[in-house]
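Colleague: Straight from Swiss-Prot, here's the annotation block:
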- SER102: active site, phosphoserine intermediate (ACT_SITE)
- SER102: phosphoserine (MOD_RES)
- SER102, ASP241, ASP243, ASP245: Mg(2+) binding site (BINDING)
Amino acid sequence: MARTYFGTDGIRGLVGRSPITPDFALRLAHAVGRVLRRKEARPMVLIGKDTRISGYMLESALESGFNSAGVDVMLLGPLPTPGVAYLTRAQRASLGVVISASHNPYYDNGIKFFSAQGTKLPDAWEEEVEQALTEDPVWADSAALGKARRLEDAAGRYIEFCKSTFDHALTLKGVKIVVDAAHGAAYQIAPKVFHELGADVVAIGCAPDGLNINEDVGATHPEALVLAVRANKADFGVALDGDADRLLLVDAAGRLYNGDELLYLLAADRLARGEAVPGAVGTLMTNMAVEVALKSQGVGFVRAKVGDRYVLEELHRQGWTLGGEGSGHLLALDKHTTGDGLVSALQVLQACVRSGKSLSQWLSSVQLFPQVLLNVRLQPGQDWKRNTQLEEATEAVKAELGDTGRVLIRASGTEPLLRVMVEARDGDQASRCAERLASVAKNSPAA
């Protein structure tokens, strides 16, 4: 069935407009609660959130909706998305709920869910919830109503989990790290994780006010981190996004490394330690240079649809552990069930400390192909798939690039945008081809 509310990463939108309203959040939680109770007499869910001011409102509405369906609730407060996933599993909860719009501005928010195993839920589950939303509510009797309480020291429990993924024989003593938490969910947790492992920590983007999440800081605005690393003469810079599930790194020279490069580094580190790495999963957007570099070392490479949930699904299908996206979502399934910016950072820092190699030394064999990504805003009713001129232009560009580049055109799963990506060894050629395709895409006909 076609989904009305769920996108590629839960439900997301502008606060105060459907579906990100308190009345819908209550209805949603009630519907989810009814779905849970079909298999479990007394479900218990965890609810975590980032630092957006609207999180209070949505948290209360979700709590009421679950309780009204006879579901118990445990409130975690501000906590990274992967922290909610971890605690859902650790607390043996039925479901984990995250209130966050990830890297979006404060005026957006969203709601997403984790299974009892701490993994993203399949499309079929979301469709079952959407069906339940079309049905009349069935309010639980007073004696059957759910209860709500707060989990003490949720942040501390997650901090210990993150530290447990770092080799106990190693330390970060003598390493200076600038940490940028994007004024988001990891604003207290991230500095503590690195500090407790011995690092000298400089914190930026760690003063949320409810309105400044992701504003000129974090993984979507790494310029501030680059400047801070240089100014503080730090060894590394760690950039997270608002819910801390993605990671970008900066080295001592101020060079920025994206998720594609870090995925290669994670694989290369394991190979250097004698571990088997049969393959890694990227996405349709993963830079060709990473694919070439991995295959040159005997590591298979498969592309999934864009979105960490699809990378995860492909990893399970292949039986592999490593995957990721250029945006910084990285998966190491032997460490965590979902993408985790802090855990990923610790794996990379561990590789550097253990080997004595810098980020640039680890990645000297990976020269990323120039990749141009243009966003074309579509007007309501425009159907780019019926644009025959775009189809013809795309085929022409593919013929021009041959084996030295790629073209990818896809609709955003969270915004009314068409993403046009062209990758080529020649940057000027990539820019010219992308501009050509974007121009044609703007004239897409009405549906």
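Keep in mind that glycine also has a Cβ here, set from the backbone N, Cα and C atoms.
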Colleague: Other than SER102, ASP241, ASP243, ASP245, which residues of the chain come within 8 Å of the Mg(2+) site, judged by Cβ distance to the Cβ centroid of those residues?
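Modeller: Along the chain, the qualifying residues are ASP50, PRO80, THR81, SER100, HIS103, GLY184, ALA185, LEU240, GLY242, ALA244, ARG246, GLY341.
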Colleague: Relative to the Cβ of ASP241 (Mg(2+) binding site), which residues of the same chain, six or more apart in sequence, are found under 8 Å away?
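Modeller: SER102, HIS103, ALA182, GLY184, ASN214, GLY218, ALA219, THR220, GLY328, GLY341 - these are the non-local Cβ neighbours of ASP241 (Mg(2+) binding site), listed in sequence order.
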Colleague: Which residues in the same chain, at least 6 apart in sequence, have a Cβ under 8 Å from the Cβ of ASP243 (Mg(2+) binding site)?
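Modeller: Once residues fewer than 6 apart are set aside, ASP243 (Mg(2+) binding site) is near ASP50, PRO80, THR81, VAL98, SER100, SER102, GLY184, ALA185.
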Colleague: Near ASP245 (Mg(2+) binding site), how many other Cβ atoms are within 10 Å of its Cβ?
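Modeller: The answer is 32 other Cβ atoms.
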Colleague: How many other Cβ atoms are found within 10 Å of the Cβ atom of SER102 (active site, phosphoserine intermediate), counting all protein chains shown?
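Modeller: For SER102 (active site, phosphoserine intermediate), the count of other Cβ atoms within 10 Å is 30.
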